[in-house]
Structure formats: structure tokens, C-alpha cells
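Okay, so here's the structure we're looking at.
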Ligand code: HEA
Ligand code: HEA
Ligand code: CUA
Ligand SMILES: [Cu+2]
């Protein structure tokens, strides 16, 4: 199959020259168009992460507005209409534009490096995913700025979100924003599954895959099985609103609870889509900070898989007060509580890892400790609300608000911040400040607990959620004031975090390849990694490659340098099967994203936008896939 | 870190086929996620049906003619589809070209029949929830058909250009036949839903 | 099952400050809420204990080993003997987890059963939610003896009340924490909730499902009164509206029946027979107006009628232009509708 004048292989090239040749093949072209056309997973991953954090700031500022409004009874900072937009924006933004994407984004950056490959599978789809995500975020926030922000809560219950009770375009914008973020998430899920299946370094058998990668694999399957539910739900809602179908109209044979079933069939796995990557991060970071391999690799993998499977069997626990048959509901109590078992297994394994390790008290580890404190508490309140009778008292109150912030912030954001402190040196090449990091950990931990713990009590005292104010004759004002003031501590912690992240990009200590002495493959290349990640593909002989192979790193050679070439290995045992090409940079994913966005936004206003809008989409897709005669195209 | 070369990969093929191809896996994974979308829509159909006092609701059962014709065409298309896949596997360019033209026709004809199938449902999407759900099921499958037909057409054109003679393209043709099989397979449960009550 | 909320409360005193209010799950005033409060405290105790144990173990794990200087340290190679010992402990902890959650599941199942059990002939009341007020209908043996009121439910002490919940527009949720857990009011799917009040008193309730702009101001009072008192109150409610007591009130009645008010409100015994808004036949006898927004005083009524959209922005009652005299008269009349 090889051509007459055989193309250059890495073995034919002097070692000093190799980096230059590979860089020439893999690099992102400089300039504006180069930046739009790039398909480098590291560039896109960084972009994705930064964008998600911008949405965290925006959502956080909304949270501060809510807390200001609720600090005193009969608050007058915002009108009821604006408050309803704010809490909906806060919830939808945090879930759809921050928490899920940021986890996907970390994976886009880290998974190929951890697997020892040169780019993610389907890199152009990856670029497309980012642009679609960005467009969805812009759609939501521009609408909010134009006073068209959704005001129906992050789960948009019908009939309130239906044509009769939400005239105007607010609900459509919410539903369509979901379509954008779902497309983006589904794209990343497909890429990750295929990357993990086919692009692992030789020798990385299934039982040597880093735990973060396992977490992302399970998460990707959750995305693919759960997100179609919200697509079905939001599409049928848009149809009800736009062309007069009756999915949710009880007068014409539709059903109001159908929405809740569909939403939560997605919504419950969604929270584990956020949580599982975080647990993967913990498992992957912990060894570096206790100086020993993680305890219980197999149980950790199995518990992630179990959580993934169980998560499809609990959606009704969000509907305990809707009057479904009691016996059925009790089943969901049992299944919800059962999640405590795999979650517990994870916690126990981590503690066992720490047990005879030697702790290194650096910032990421402090965040991991904050995670233990906070997440386990949130898990306990999860077990409480899983009880049907108990939930009838606390459902839709601040008790639930407390529960989910404990698990979301304690269970996902704290590990995420640990992960940023941990992998920032890899991404940027410089360390974040240890001194500031301690302050960030302290302020966010203390601020968070002071702000959110009292919400449990408020909930039990009868304070419902989603109220823009409360009267003076209910005894909630003291605790609310306390909560609001504590939020300032939390916000200060976040502010310091962002300052540190921005400052360290220029002034941080240079990091070196492996500043934490960590065992996984991403630390085997320079910080930040070159465009091609690894000059030679690493060969894996154990679960902790950099610890198992002290001294020198076994690698494989024989890949071409004149085209973007990477290694395809078998699914189970990672035995090399082929050297395949990875697509070049292309501007078409960007145009395809623009065309798709135009079509989706247009369809809020007229069903014909789908018909006419599909033409430019088709054109851009042809441009995307049409072979250009580059070395990557032939085989 | 110092490196120690332990393996030489230069003997490996420049492009993997079948399970060694990421595109093949990509197609499979797409089928999984679209399949779960279809499955959910069918669940919605059954759910609404289980709540309704009568089903089909407020309309005579759909006429069977167009649906039957369409099903027959789709099932018949599996034969040339399978042949194209085999020819592509053998990289037989002439036969693949003929096969793709035939498959394009087999893609377009069902779309024409589909135009008659919607009226045969005997009610409109905005009549009631039953109308909404059957129209959506049918609409969803139509989009599915449309995208695959568009894909087939582009691929057919490509095989007549200088880019065609390339094992990567033949792999694409194989993936396309795989996907067509999926389009036909998803139709069967949808057919059972929409027309099942009329048969019973 | 005799609950001991006080005992548990003493143990958790620091958390409890201010836990008793007019609307609190921890201040039960009926058997349903009492067994729920007991359940809440038990769960809190068990889960709190587990949480403490977990954190204690983390603490010990950190404390027992010398801290490491960091990245340069040679990683440890776990010994198989200690790893196996730890494996045993982890398995033990998992078994304990299974036992604990099995117990908790069983407890909540038993609690569910005890809630649905009720004794005695219940009083059936229909409650229908609207954006953003409640319509209350007291049923009787024949429909013409039904009584319709709003935003206030009166119940006899000691007798079970069967609430038939429905909604006229979007989803609402009925929740009186001191008496029972909540139950949603869903269009197209009617629900039932049964509870008993043990002591006379008034208990605040608030809509618990987000239902649009004024979800925050959709409150309700449940007033429990001795059975004989309740009967005479119900009889009084069955009467048509009180006749105006003076000229001003008479003028007020003219306004209420002549102006747009009559299109939306019913005042039994007059021409006003609208059904869009709350029944006003005995509005003056209720504790609050506009679903807990204002106390029912003549001044508050005046403020409300003069400009409902400022008092409760977005609510479904428009401002009806009235002269100052008309306004004064109509509020006097409303206040007199005892
Ligand atoms: C990261 C996100 C995340 C995570 C991980 C969880 C975890 C859990 N959640 Fe949570 N949940 C949310 C996010 C999350 N949740 C959100 C966002 C909502 C609200 C949505 C909305 O209404 O807006 C919600 C709402 C919610 C409800 C609905 C409440 C209501 O609306 O009334 C319920 C009910 O069952 C529930 C249960 C649980 C349970 C049982 C777990 C379990 O997975 C917890 C398991 C963990 C532990 C138990 C701790 C570790 C275990 C041990 C140390 C072993 C020992 C333990 C025992 C012996 C008990 N959650
Ligand atoms: C991951 C998800 C996530 C996160 C991180 C948060 C974070 C926070 N949330 Fe969130 N919240 C939700 C998810 C999340 N929330 C969801 C899903 C809902 C339900 C919505 C619904 O009911 O529909 C909800 C609802 C909700 C409510 C209930 C509203 C209501 O029912 O009426 C409240 C009230 O206090 C609240 C508060 C907060 C606070 C104080 C934070 C804080 O942690 C925020 C801290 C962050 C900041 C304060 C930003 C700080 C940064 C700066 C200050 C930097 C400034 C500038 C530069 C660097 C340029 N949230
Ligand atoms: Cu009615 Cu909230
Ligand atoms: Cu859930």
C-alpha cells in the first residue's frame, strides 16, 4: 500500500529534528482564522474550560443578586418578574452552561493526553461542539439582557412553560438553549467513547485505563442514553408552543406529568453526568497527594458503572408529591437509597488510599478534603430526601436547595477546583500560587458551609424555594441574612481563585513536566504539551506508567511525520491495529455551527426555518467532509 | 523523561477497516444515541396510549396502503444495500458506483411515498395528542431518511470523482450501508406502533 | 409510635433556634406532621452519625501518618497484607451501609403506611389552585348546600379532613407543614390529601410548586376550631352576603355590582356572579386578602382595590378605575361582608 517514494517516518529522522517536523504537521496556524479553524483538542479544551468558567462567574453574580434580594423580608432589589428570570437563568446556566460543559471540557483536554494519543477522535466534531455550545450560551444570555430570559425554572414544568401560560419567546429560548448544549454534549460524548475505545496507547488494557478516563467513559454513555430524553421533551414542548401539538395538553389527551417523567429521566442522570467526572478527578489526583496508588481500582470502576446504571432507575424521586401510586414511589425510595452503596464504596476506597499514604498538604489536596466534608453531608441529605414521606415535607423547599448545592458544589465544584490547581501547570506551563490557593480553599470551604448549611433549617421551617420574597410574619429573616452575608465570603474565595488563575498565567512558577510527581501519562510530556502531545507514542506496562517505569519511558516508533498520524489499538487489549490519520484544521466546523445556530434560533420563530435553514447546514457539512486531497485523506 | 523505543509500528496499515476504524465506531455510537431517542419517542406513544380512553384517539385508524408500500420498499432495499457493502469491502469501484446509484433511488422513492403516508394518518398533528405523537414519530423517521439519503447522494457523487478510489472512501460506503440498515431497522417498531392498532 | 420531638430537639438544640413558627415541619400540630417530624429527626440522627464516623475516619487516616514533603518522594508500594486487611474493613463498611439504608427504607415505608390510615368520617373539602389564589369549596350532602370561599380553610379539630386537590391553570402544591406533607395540584390529575388537626389554632400554608410570577404570594391559612364552632361558622358562610349596614356600604354595593367587579367576583345575594376571582360573599370574615398578602382591614381592602398591581404585581386582577368616594364605599362594603 505504501507509495513509491515512501513518506517520512519518525524513525528516519534525527531526534533533534523530530519535534520540529511534528510541530509543523500538527500546529495550529497563527492568526484569527487559524484560531477559528483549529482542531487541536488542547486548544479547544482550554477554550471550553475558560468559557465554562465565565458562565460560572455570570451565574454566580446572579446568585449574589438572589441572595441580596432574599437578605431581608420584602426585599426590593429586583421585581418578581426579574427574580424569576434570575433563578431560572442561574439554575439553567449552572447546569447546562457550566457544570456539564466544564466536565466535558476537562475531558476534551485530558483524555487524549491520559491515553497517550495525539488528538481526540473526530477533532472537527470537537471544534463544532465548542462553537455550538458557545452559541447556546450567547443565545441565553443575550435574551436575558433583552429581558427575554426564561422565567420557568430550570426544569421548565408544563403547563407553566406551555403556550397558554408562557406567551412570548422566553420558554422557547430556554428549550432551544437546551438543544444547543445537548448537541454539544452529545458530540463530545461520541468523541470520548471512540477515543477511549480505539486510541489508547499500546498496552493500556481495560484494567489500566486511568480512573478519570473510566469516569468519562461511563459519563459519555449516560449522556448518550439520557440526553435524548430532554431532546424529546424540549422538542415536543417547542412543537406544542409553535405548531399547536398537544403533548402536554390534558384537554386533548396530552399529559402534564409526561413532561416530568421525560425531564427527570434525563435530569437525574444529569446530576451524575456532573458528579462522576468529579469522582474520576479525585481518583486520579489522590495518588499524587498520598504518594501511593489508589486503593481498590476495580471496585472504583465497578461503582462508577453501577452508579451509571442505577441513575436511570430513580427519576421518580423528583416527583414524590405528584400523587403517583404509593407502592411505585416506595420502589424509587429503595433505588435512590441504593445509590449510597456505590457512592460509599468510592468514599471508603479513597479513605483506604489515604490510610497508609503520606499526605501532601497542597491546595488540590485541601480541596479534596473539603470535598469529603461537604459531599458526604450532601449525600446524607440525599438519602433523607429519598424517603417518600420525609420528602413530602422538604420537597421544593430550601432543604432541597441545600442538598443540591452540597452535592453540586461540594461534590463537583470542589473537585473541579482541585483539578484546576492540579492540571493548570500542565495546561499553562506555570503553577498557580500555593499561598493564594490556601486562601481560596479556606474561604470557599468556610463560606460555602456557612452559606448553605442554614438552608436546611430554613427548609424545615417551611421556606419554599423559588420565592422572590417573604413576608415579615414568617421567622426566616435572621437565617436568610446570615446566609446572604456568608455568600460574600464564598464569593471572595471565588474571586481570589479567578485572580490567581489569571495572574499565574504570566507570573506563576514554571512547572516542568511533572510538578506533582504524578503517575499518569499526561505528565510524561512537556507542560504545556506540544501540538502533537507525544513525539513518540508511549507504551504502557502498568496502571501507573510513570511510577512503574522509573528512569525511562518505553515508547513506540514508526509513525509518519508528514501527515497527522496516530495509533489505533484494539478495544480490549490496546494492541496496535492501524496507523490512522487525524483530520487537519478546517474552518468548516465553524461555518456549520453558525448555520446550525441560525437554523435553531430561526425555528423559535417559524417552523419554516428548519426547512430553509437545513440548506446552509447541508452545504457546510459537505464542505466539512469533502476530501481535500491532503495526505490525511489518502490511505 | 528519557525514552526507550520498544516497538516499531511502521508495518501497520495506514487506515483501519471495520472495527479498526474510528468512523465505524462513530457510526455505531451515533446509532446508539439516535436509537435511544427513537425508543423514548415510542415510550411516549405507549404512555399516552395507556392514558387515553380510546386509541387511536378521535380518528379512524390510519389507512394501511402507503405504509405497507413504504415498508416493502425499505425491506427490499436491504438486498442492494448488502451487495454495496460487499462490493465496497472488495473495493470494486464499478459495482460500488452502480450500487450507490441504485441505493440513491431506493432512498428517494420512500421519501415520495412518505408524502402520501402523512395524509393516510387521517388526522392532523394539532387534532389531539394522538395526532401529535404519530406525526412526530413519522416526522422523526422522515428526517432520519432524509439525512441518510443526502449522505448517500454526496457519497455517490464523491465516488465518481478522483477522490473515490481510496480505501478510506470504501470504508465510508460500508459505514453508510450500516447506517441504512439502522434506518430500516428503526422503521419496524415505529410501523408497529402507528399501524399496529389498525391491524388488530 | 409516640414521637419524642422534644427529646431529639434537646440534643440538637443549637440547630433548633427559631425552629418553631407558624409554618414549620418541626412544629407538628397533627398526627401526620408528628410522625413526619419523628421521621425527620430519626433520619437526621442516623445520617448525622454516619457522617461523623466517615469524617472521623478521614481525620484519623490523615493524622496517623507523617506528612510527606511532596512530589520528590518515592511513591509507596502497597503491601499486600495491609491491603487485604483494609479490603476486609471496606467490605464491612459496605455491609453496614446496606443494613443502614435497608432500615431507613423500611422505616419510610412504614411511615407512608401510617399516613394513609385515618379514622372517622372525614370532612370533604375541595381546594382548587389558581394563579395565585386558592378556591375552597366545602361540600355537603347536596350540591346546593356547598359553600365556596377563598384563601382560608377552616376545619374542625380532631376530625379528618379529606382535601380534593385540583388546579384551574398550572401546577400548584398544597403544603401546611404543621399538619401534613405537601401534595401537588396538577391540571388533569386530581389528588387527595387527608389530614387531621389536633389542636385549635391557625396554621400557615404556602404554595410549594413554582407557579409563575406571584408564586411567592400564594399563601393560605388553615384554621382549626372546635367542632361546634366550626358548624356554626359553616352555617354562617352558607348565608348570602350581609346587607349593607349604612349608606356608605349601600353605595359600595352599587359599585361592586355595577362596575367590572361583578364580572369576576361572586357575591351571593347580589347580581355579582363572576367566577374569575375569589368569591367575596364573606370576604370580610377572612383573615387575609389576596392569598395572605394583606390583613383584611378596611384600609388594606382600599389599597388593594385601588391598585392591585402595585400590591401584588402581575396578579390577575386589573386596576378598575374608581373615584375616591367609590373606592371608600366599596372597601367599606367589603369590610362589612362578614
Ligand atoms: C452532583 C449532583 C448530585 C448528586 C451527586 C446527588 C446525589 C443524590 N441525590 Fe440529589 N439532587 C441533585 C443533585 C445531586 N444529587 C439536584 C441538582 C437536585 C435538585 C433538582 C431540582 O429540584 O432543582 C437533587 C434532588 C434530589 C432529590 C429530589 C428532592 C426533591 O426535589 O424533593 C432526591 C430524592 O431522592 C435526591 C437524592 C439523592 C441521593 C439519594 C443521592 C445519592 O447519590 C447520594 C449518595 C452519597 C452518599 C450517601 C454519601 C456517601 C456514602 C457513604 C459515606 C456511605 C454511607 C452512607 C449511608 C449509610 C447512608 N436528590
Ligand atoms: C453547579 C451548579 C450550581 C452552582 C455552582 C451554584 C452556586 C450558587 N447558588 Fe445555586 N442553584 C443551582 C445550581 C448551582 N448553584 C440550581 C440548579 C438551582 C435551581 C434553580 C431553579 O430552581 O430553577 C439553584 C438555585 C439557587 C438558589 C435558590 C433560588 C430560589 O429557589 O429562589 C439559591 C439561593 O440562595 C442559590 C444560591 C447559590 C449561591 C449563593 C451560589 C454560589 O456558590 C455562587 C458562588 C459564585 C460566585 C459568587 C461568583 C463569584 C465570582 C466573582 C464575584 C467574580 C467576579 C468577577 C470577575 C473575575 C470578573 N442557588
Ligand atoms: Cu401556586 Cu406556586
Ligand atoms: Cu435525582
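Cβ from N, Cα, C; glycine included.
TrEMBL lists transmembrane segment for one of the ranges A:7-26, A:27-46, A:127-146, namely A:127-146. Remote same-chain residues near the transmembrane segment (A:365-386) are listed as 278, 282, 285-286, 289, 317, 332-333, 336-337, 339-340, 343, 347, 350, 359, 394-395, 399-400, 402-407, 409-411, 414-415, 417-418, 421, 437-438, 441-442, 444-445, 448-449, 456 (criterion: CB distance under 8 Å, separation of at least six residues from the stretch ends). Counting only same-chain residues 6+ beyond the ends of the transmembrane segment (A:398-424), those with a CB under 8 A from a CB of the stretch are 94, 99, 102-103, 106, 109-110, 271, 274-275, 277-279, 281-282, 285, 288, 362-368, 370-371, 373-375, 377-379, 381-382, 384-385, 430-432, 437, 440-441, 444-445, 448, 452-453, 455-456, 458-460, 463-465, 497, 501, 504, 516, 522. Note: the stretches the transmembrane segment (A:48-70) and the transmembrane segment (A:611-627) are not in contact (fewer than 3 CB pairs below 8 A, sequence gap of 6 or more).
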